[in-house]
């Protein structure tokens, strides 16, 4: 009883471990459960242009950070003749291009690849120095704009409950179809989205609400020379929240890639004039599996780092076939233990099905039946010589090799290329199968030989159909952890002591009576 309990516990643990690790790789690491899944990857290119004065020149560009909703895959720089240096400027990454002497128009490029990663979506966290709501000195506007701003802030305060609603109400005052007199006066100060954003930040600061400008890009396939888009970011009870200053909509917009936080300049150029930065973007679909492997390696995920993905490609290709064998053994177990089908050799059908993977099913069946039939005829001749078992087996192996060679030559001469795959059949197994069937023929008769031969081919064909299924191949190769589940099912089948399906025929007379 104790041993049965331990076995049942092992079955549960193995099945749970296999399924659990598989689900972890799918949901946490992004491995697809089905073939052909693709993921969108965006390539964003920043082009910096300026006219150099003829002396030393230096250009500094703010670089994007990892963020909620997107994952940066890789970055590259293109700047012939320029030195590249990356540094941290108060928590913001920046890249600096420098050259000793430059004249005329200069073009520098920065390219970043990223993909949407909705698993990382979290409320934007405030910088450490701003968590306590500490603010800089309150800004002020020249009169009469300051008076108009104070009146508008008092009006908004009465119609809001917290920082988030205050910000939304304030923006709606500026985008209303019929703005108030105070709002119209403030609107006369601004001419662009950037100026509107800065005015909103100043007014929020007057109301003791931390706010800052952020710059980003709306990702649209095929867009070229796009400017940065300014957004408003306000610190609320939920952390930093984005607001569109022209619509008042809060939250992270879809396909909006945040490039820079804070009011510092996006681009600084020394030794040049007429500088500008423009952005182009394009999307492409890449296999989800390849992307999952790349990101998992970047994160040093042990489940990928210590897996078959770390092996050379040649070895990985070998494991594609090896990992299918447990599926074939599971088919053999089901057919022998539950159905009660007889086969020639316990796992000989699995080896034959592996050969079928290379030869295809119908050519493989023809080749197998031909070799075994000729081999049985030769074996019947050898049995009359009263040879020892080992010598007889060696002779059968040589005969099998001869048959395989003859079939290859004849098929090639006849233009039947399918028979050339005969070399994929395991000759030792074929020889032993011929020997076993010969002994069975002598002891039990041809009927039992046909039963076992048919059973072996049936199980081999079923194993082949399952092992050649693209979905099964995908799961076994990309989720080898499922072998734990297969092992658990194998142990569970090992506990079965009931009737086999084919044995139920014995009870047919009882049912009829």
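Every residue, even glycine, has its Cβ placed from backbone N, Cα and C.
Those TrEMBL annotations? Automatic predictions, nothing curated.
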Matching range for TrEMBL feature annotation, transmembrane segment, among 279-300, 389-410: 389-410
Tertiary contacts of the transmembrane segment (6-24), as residues 6+ beyond its ends and Cβ separation under 8 Å: 303, 479, 481-489, 491-492, 494-495
Annotated stretches the transmembrane segment (449-467) and the transmembrane segment (361-382) touching (3 or more Cβ pairs under 8 Å): yes
Most Cβ pairs under 8 Å with the transmembrane segment (361-382), selected from 389-410, 416-437, 479-499: 416-437
Distal contacts, the transmembrane segment (322-341) - CB-CB under 8 A, six or more residues away: 347, 349-350, 353-354, 357, 455, 458-459, 462-463, 466-467, 472-473, 476-477, 480, 483, 486-487, 489-490, 493, 496, 500-503
